[in-house]
């Protein structure tokens, strides 16, 4: 039975506050945010008021949740609803003589979070935590936030993600015959890119440069082809490492994926050009090159690499 304190039976007012303790994990593959939090609900039950003078100045008591009314507040974005409910059933609310109840409990919350990977690894994520009653609409129960922002007084920084904001909004979902108010917290986090930059981006840049500078090796060197193939395989391995840590989605293609794709194409083209150069270099002098080969090498490629007309009369 709802704890209505007046005859007109206004909705029970439940204030929700949330304290973020730590961001434990962000799983990009399954798009789940795992965080440690303190959850607190505040409401008033006039049936639990008493005069402390009549009870040896007792002002606060603790009762089991089966003996008092507890609002059915649910985390709508929970990735594991039963874990959240299992924590609640073992907690005991604090009851003050004024009839005000405080129901607080620690929880490891696993919530769904849409991961936008377009700017990976310089991405900013905004994860939602929506709390609302599961069965009572606004005629019976109303929820509101206790403070304009989430509580960060006990927050412990994460090594991989930096916390950019912890905001809260109150809204309402309207249906045909009823409306359900909710309190939604937003956890804004930004990735620390140094680890990705040092272990993935920097080696990729170096390998791409090696694929270009391998043309400085003389054609007589037999290591040009092996160097090109090794560079190509290295780029493929780095690209697979990036793909394994990102969610499979058709919505957006990360810029880093585009960069790795272009780098792989560049290194592959370098390897193909090296093979053609080696083939031309080891061709017998008695075999005349086709006219179109001379035209492509001297006029097209020669003008691109700024050889001009100086190579037209050299022996090819």
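The chain as shown is numbered from 1 upward.
In case you wondered, yes, glycine gets a Cβ from its N, Cα and C as well.
Curation does not apply to TrEMBL; its annotations are automatic.
Feature annotation (TrEMBL): of 225-244, 285-304, the stretch labelled transmembrane segment is 225-244. Of the candidate ranges 164-186, 256-278, TrEMBL annotates residues 256-278 with the feature transmembrane segment. Helix, strand and coil counts under DSSP for the domain 'Neurotransmitter-gated ion-channel transmembrane' (200-304) come to 80 helix, 0 strand, 25 coil.
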